[in-house]
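For reference, the structure discussed in these notes is given below.
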Amino acid sequence: MESNSNYKYGIKSTFSQCLALVGAGFLQVGVGTELICSTVIIGALSDHSNENEWLTMTNEQTSWFGSLLYLCTPLGSLISSLVLGRLGHKNCMIITNIPYLVSQIMFFYAENVETMYACSIIMGLSVGFSGGPFSAYIGEVCEPKLRGALMSATNVFFFSGSLLFATIYAITRQWRLTVLINMAIPIITIAILCMSPDSPMWLLSKGKNEKAQRTLGKLRGWVTHDKCSNEFHEMVVFMSANKNSSNDKNGKNDSESSWKQLLQPDVLKPFRLLLIYFFFSNLLSGVPFSPYLVEVFSTFGADVDVQWTVAFSLCIAIVGGILTVLLVNRLGKRFLTLMTLSICSICYISIGLIGVYWTNSEQIKSWLLLTCFLISTFVASFGIMPIGWILLTEIFPMKSRNITCSICSTLSFILSFFMTKYYPDVVDLVDFYNTFTIFGFGGLIGCVYFYFCLPETENKTLKEISEFFK
């Protein structure tokens, strides 16, 4: 196989790939707004000074509303894995905007808690359905040298969506008006995706070799066939090798199903690694706190406008995402993982210890707590949060990539459900600040694991990465 260093397409190739990923980026804007919805709405409903809002929630109802989205992503991912191979990445990304739009309409007219639950469930289906197609699409249309950076760039879109939603609410202070304005996002996304190309890999899997070749030429800067012939030949060989790998040792033509292939070492090893990665990434990137972020900032006690502080935290997350785009190729995913996970762990432990043992000025204490949390937010967005999703696009072999991307996305959101649903119970059990301490020491354990088990995948072809896990 040709080394990725032989792909010398130039700036036009980078531009065409960025252009092709605009639709996927807007899809992440939508996911960002869906995941911040519960944070904004829970904060709005807890503000009893708003006399125009008649909806109320108990603590138990709040925990269900904040976590149901994560619980229902598996069904969306399951449906996605069943239709992805037939419909293709682009069509699946278009379809995912339909339940998203429906949920926003229902939010606007919601008059009871049950409707709010239904909206959270529908958003969960949308987010779950988008995960597999989105990740596989980026992994297949990008050059190896750009894959990490462009995948990281979509993380910027994700935080931009969350920031947009939080900022609109901070300005209007009306969550129903906020979701009404937000309805424009899925409509715009559908329009952009309709003009995006299909993945060359998917076209090859459907026997559309000529169209795959033309699409690859467009993605590499509208070059001629000769210019991208090496990479196209590599794709054909890679596809053939993955088809042949499902035959038994005697050379029979009976192919295994993707489900059976999950038990093979080159699939099972990266699957286990990525599941552990998502656990520590979710734990140390603020996922357990996300629906209750308004309450968390209020507990810190700093003299700030909480709604604008939420928006500011998302703003610095965007800066972190941009730094990932600029530096992931130079620093590598392994170094960024170890560095950012260790810093987040130290910040969490500091919050726990300051919250429990600081006895001096309460004003200084509150600002120290808020500063440590914002630092962890920035650092997580710079490393552990986007890198898990970058790895998702890289470390699985082609023969099972569609289904493993969907399953891993599903399990990540199941972890998020348990972390968000039972976070209030953990706080009741061990106290608010001790929760941070426990999470921080858990993150240090993750650092040790990744030091020994996480390989470097930056600037590696999909085949080279796949060979590592065999």
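One is the number of the first residue shown, and numbering goes on along the chain from there.
For all residues, glycine too, the Cβ spot is worked out from N, Cα and C.
Just so you know, TrEMBL annotations are computer predictions that nobody has curated.
So that you can see what the record holds, here are the features copied from TrEMBL:
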- 18-458: domain 'Major facilitator superfamily (MFS) profile' (DOMAIN)
- 21-44: transmembrane segment (TRANSMEM)
- 64-85: transmembrane segment (TRANSMEM)
- 115-138: transmembrane segment (TRANSMEM)
- 150-171: transmembrane segment (TRANSMEM)
- 274-294: transmembrane segment (TRANSMEM)
- 306-328: transmembrane segment (TRANSMEM)
- 335-358: transmembrane segment (TRANSMEM)
- 364-391: transmembrane segment (TRANSMEM)
- 403-420: transmembrane segment (TRANSMEM)
- 432-454: transmembrane segment (TRANSMEM)
Please indicate, using numbers and ranges, the residues of the same chain that are 6 or more beyond the transmembrane segment (115-138) and have a C-beta under 8 Å from a C-beta there.
21, 24, 27-28, 30-31, 34-35, 37-38, 41, 55, 57, 64-65, 68-81, 84, 89-90, 92-93, 95-100, 102-103, 106-107, 109, 147, 150-151, 154, 199, 389, 392-393, 401-403, 405-406, 409-410, 412-413
May I ask for the residues of the chain that lie six or more residues beyond the transmembrane segment (274-294) and have a Cβ under 8 Å from a Cβ within it?
35-36, 38-39, 42-43, 46, 62-63, 65-67, 306-307, 310, 313, 337, 341, 344-345, 348, 373, 376-377, 380-381, 384-385, 387-388, 391-392, 395, 408, 411-412, 415-416, 419-420, 423-424, 426, 435, 439-440, 442-443, 446, 449-450, 454
Most CB pairs under 8 Å with the transmembrane segment (432-454): which of 21-44, 64-85, 150-171, 306-328, 335-358?
335-358
Please tell me whether the transmembrane segment (306-328) and the transmembrane segment (64-85) touch - that is, whether there are at least 3 C-beta pairs under 8 Å between them, with each pair 6 or more apart in sequence.
no
In terms of Cβ proximity under 8 Å, which residues at least six beyond the ends of the transmembrane segment (21-44) contact it?
50, 53, 57, 62, 65-66, 69, 90, 93, 96-97, 100, 103, 107, 116, 120, 123, 126-127, 130, 134, 137-138, 141-142, 150, 153-155, 157-166, 169, 173, 175, 178-179, 182, 185-186, 188-189, 192-193, 195-196, 290-295, 306-307, 310, 314
